[in-house]
Structure formats: structure tokens, C-alpha cells
Amino acid sequence: MQKLIGANEEDDEEEIEMDVKEEDNENGQKHISAQMMLGADGVMPSTSHQFQIQQQLQEQVSTPGGGARRSRPLEEKERTKLRERHRRALTARILAGLRKHGNYNLRVRADINDVIAALAREAGWVVLPDGTTFPSRSQGSRPAGDSSAGLTSSSSEMLSQQAPPTSLQGVSSGYCALVEYNACHMKGVFMPTPAPYDLSSSGHSQSSGMVGNGGEQTESLPLIAGSMEVINDKQIIGLPPKLPERDFAGTPYVPVYVMLPLGVVNMKCELVDPDGLLKQLRVLKSINVDGVMIDCWWGIVEAHAPQEYNWNGYRKLFQMVHELKLKLQVVMSFHECGGNVGDDVCIPLPHWVAEIGRSNPDIFFTDREGRRNTECLSWGIDKERVLRGRTAVEVYFDFMRSFRVEFNEFFEDGIISMVEVGLGPCGELRYPSCPVKHGWRYPGIGEFQCYDQYMLKSLRKAAEMRGHSFWARGPDNAGSYSSHPHETGFFCDEGDYDGYYGRFFLNWYSQLLINHGDLVLSLAKLAFEGSCIAAKLPGIHWWYKTSSHAAELTAGFYNPCNRDGYIAIAAMLHKHGAALNFACAELQFLEQLEDLQEALANPQGLVWQVLNAAWEACITVVSENAFVCHDRVGYNKILENVKPVNDPDGRHFSSFTYLRLTPLLMERQNFMEFERFVKRMHGEAVLYLQV
């Protein structure tokens, strides 16, 4: 026993080390713990032997009265504690430096083994969870005696040069913080992972650095695709949950755009915070984002007088994007901003339009109670000369033509890749049937918006042509904004929506919507000849499992269970060669949420129906996320919809626009996930797929 726990440190090093620690238990008493280590012969003592050692140790260091008799001199014990504290302080500083300056994802209580493993992986070596270490095949063969030397020199060189090596997090190209646009790099590489520790899966990946150091791209070191989820049987902090992921390596390249903030240009048409925006754009460029989307607000550009356009702020923005060699998607926004979900600025319709509206409020959509909605102009005045001698579609066309002339060089150079034409509230082709300011709350069915004098005039004309003039009215049993279908006589099962009058009214109501899109897109095609134009469609998925599809009906989509309301819209888009922007890319993920189940929602069914109509009409489909997304689960759902795996014809979306550029997106962890998402959209391989 004396040999095992001798008073001098030399005996401890030669034989079995006993790490004796005194810890306070819950009752404030001292608790003696002993950790058995291997002896010099590499053999662990037997279980009975360990028990005898622990028992003798307890007898030696404890007394019945609760006192303790030290086996070592008190000064030596204190020196041991000081050495341990010093060692821990050094380790803490090393870990802090590696995390801060090298972006190593080391766990909080990492030890020297973790550090050595991280440096080995950085040098391109393979370190298995049990500690087995060997060079990757991509390094070639090395002399056995030079392995450790090569590791030391390689890792030391990496630390001194701060090059972009690999990481346990599996992310290439770094991002520190929003205020730090320096040239720090995340330790990462994106590679396919067919199987853990598969030596054939090593490869190279382009890792773009921050534009703060010139925007140069540097090539990451090769790394074997392996399981880096645990080190010494301890899980690494920050690793994503083990959810099945599809490998999108080798899939078609889908461009990724990022929506800019709503208020990037102020009401004076001045670019807000150009320096900050430039830094953010550089960060996006560093991870190979293809471009950005920007709203060109009618209420800003033509704010004060008819046909007086101010494009100054947008020109500065476009020039900035052009210099960074990014692309542009532009939205002709003929609606107001403010009051809807996600609106953080207020941009009303032009002042001169508001003046006309005060004397003639029927230019706006109106509900059954006479409440006006100023989000956008009513379809009823598309051909009515009530806007200082111009019709609504003439106003839209003049605005689009002015934009085309003002930014002709950006069209010629291919910087502007797509123009999305606003066709209603939030830029979407729909009626403003669910205004929060009028009391709508999810999952309300909304209300019909057809009670301004111009739309009622159209309804009377349609009823007379049908020979039933008494049908020239809106439904009187359709409930209110927040009603549920079964609470109304019109939308309930076997309700009036499926009667003779109901079919007539819904056909007229939806056809007016399609006619509006047809007319405006025909002029957009003329203004932007040779360029891609698009129309945005919302994903109204609540009450989809009911027979009436009430929320879709009030929004203008005549899509009850016995009729496909999206085929006619797809045919109209095909007529003008317009792309469909479907803002429902990730809604299938929401299907299991409790509130969606109570609303009898079916996002998956809606996605399938709309996409099927688009594919059948042979139109281009682009998409954007309907909700803010920063997590891998949401990104995976978007990827599955953008690149459907089971499509027999290999069809996929042509581009994806992320909603939107915010400080939250630019936070380190969120941005790392977004970068991973961009790479998978581009068909590149990434590291650490959960299979």
C-alpha cells in the first residue's frame, strides 16, 4: 500500500496515480474521491484490488472524529494545489485564445486531449473518438517517425498564419460579429460524407474569406468526413441535433438571393447607412450569395406629384451591388408598407394618391361594412381614369417604364436578373381580405373586398349578363374577418358557396383578380422586354382541409374541394412568360403545429397543388420563405421543397430568396447555418450530414 500511495511524487509517477480530491458535499462535509489511473505496466488494478486501495486510503486519511491526517506534508499538498491551479489557468488561456483568434469550437471543459485533437484535424489528420489518429489519404504517405513532427509543424504554422482551416462545426469562411468585419475565418470545410471515417470521401472545398481582407478566396485543407460529434465520449457543444438530412451534393445549382431591409431607402429616396449596408453586402458576397432583392416603393419614388420620379437612393444602391458583382431582383411595390406581419417601417402610397382617395375613397378596396383598405388600389379602377386623368394600370406602366429607362445599363449588363411586379397587398396577387387593422386574426376566414362603387358596378354588369340582376350583391351570410367556416351559412359544409349564386359570385370575384394580373403583367412584359418578370402568390393554407377553402375564397382563389383554382392563374402567368414566386417554401414543416391542426390547415397539400399547376403550365417557379428561418430544420424543409427528391422529371425551383437581411441573421451561429444552407442550395457538399 505504501508503494501505491507513497508520500513522494516519484512513486506516484512510477506506479498507480491516485488523484485525491476533497469536495464539499450537499451537507457541507468533506468527501474524499479517488481516481484510479493506469500503472507503469499499463495494467488497471482489479476491481477487488481497487476496493482495497480505496478502503486503506480512507482509513489513512480520515479519523472517526471527522479530522484528517495528511499522508503528505501540508506544504507539499499546497504546492500540488498551486501547480494544478497554474496548469488550469494555462489551459484556460490556451482555450480562450484558440476560441477567440482561431474560432475553434472547443467545449467549455476541454482538456489538452481536445486541443491536440483539434490541431491534428486542422492539419488534415483523422482523429477517431477513441483517440486513434492517422494521416488522411490526401496527405499521402509519411514516414512513421515523422508523423508527430509533421503534425507539430503543420499545426504551429496554421496557428501562426491564422489560415482558414477546418472546424468541428463544419463551416467554411468566417464571420465574427456584425461589428467585426475583420479577416477572421471559421475553421471549416464542406465535403460529402457517404460513411463515417470513409477515407475515400476526402476532398477540397472553396472557403471564401471575409471581404474585409480583400474578398479573396482561399482553399481549405482537406479533411476526412467523419463523426466529430463526440470527443472522449463527451458531446461537443453547438452541434446540431441528429436529424436526417439529404445530401444535396451534385444537385442543380439554385441561386440564393437575400431580401434587403424594408427601410434601406428612406422616404426622401436616400440610401440609409450606406457604409453599414456595404459591410453586410460584403459578408453576403463572401459566402457566395448570388444577389439581393430590393423593393422599389411607389410611395417613395413618385411620392409628391404624378410622373415625377426620384430614383437617387436606388441608383446608389444598385451601383454598390454592381461593384460587388452581385445580382439584383427588383420588386415593383405598388402597395403600402406598414401594419402587416414583419413590417418595421411605414411607407404609404404616394401623397397625391392619398389626396385623391380623400375625395374619392372608392379607389380603395372596401368591405361589407364600408371600411376602406389603403394598402393598394382597387382592381375596379384598373381602367377608370380617376388618377389625375390616368387609369391605375397606366400609372403602373409609367412607373415601370421610368424604372426601365433609368436603370437601362443594369439591364444591359445582366445585373437585374428578375423584376417582380406587385399585384396587390404585400406585392402578392390576392385581395386584401385579412387586414389586421380591421380586426382580422388568424385563423379567420377574412372578408370579401368588393364593395367600392367600381367593383359593384362590375358585379351588376356581370349579374345582368347572366340574367339574374338580383345577384348583383355580395354574400350576406359570409361572417366577419375572424369567423370560422362552420360559423357561417356561406362557407359551411354544403353552404351557399356551392349553390348557383355562390358559384356565380365566386367566379366573378376570382376572375376579376386574374384579369388584374393579366392586364398589369402584359404591360410589365412590354416595359421589361427581354427580362424575366415574376408574380408573387401567397400560401393561404388555413381551412384547406374544409370543403369550401374559405380563406382562399375571400383572397380571390376560387379553390374549393371540387375545383382547382390555381390552374387558371398558372395559365395566365404562362401567357406572359412570367415566373411564379410562391411564398410557401417551408410551410410543410409547420403542418404538425397545434394551431395549424385546429385551423384544419394543410400546407403540404397547398404546396403540392400550386406547384403541380405551375409544372403543368411549364412556367418557371421561384420561391421565398414565408417565415423567418435560422435553424437547420427549417432550412432542410426549404431545400426539400426547392429540390424535390421524388420528382420524376427532376424539376426544381429556379431561384430562392431568403427573408430577410437582419442583425439576427448576421449573428455568428445563425450566419454559419445560413452559409451551410447556401452551399447546399448551390449543390455543394457539406460536412457532417446527419444520416
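Cβ atoms here come from the backbone N, Cα and C positions, even for glycine.
These figures come from a predicted structure and were not determined experimentally.
Record note: among 1-28, 197-224, 1-28 is the stretch given as region 'Disordered' by TrEMBL. The number of other Cβ atoms within 10 Å of the Cβ belonging to Glu624 (active site, proton acceptor), over all protein chains shown, comes to 24. Across the fold, the C-alpha of Glu428 (active site, proton donor) and the C-alpha of Glu624 (active site, proton acceptor) stand 12 Å from each other.
The DSSP breakdown of the compositional bias 'Basic and acidic residues' (72-81) into helical (H, G, I), extended (E, B) and coil residues amounts to 8 helix, 0 strand, 2 coil. Cβ neighbour count for Glu428 (active site, proton donor): 21 (other Cβ atoms within 10 Å of its Cβ, all protein chains included).
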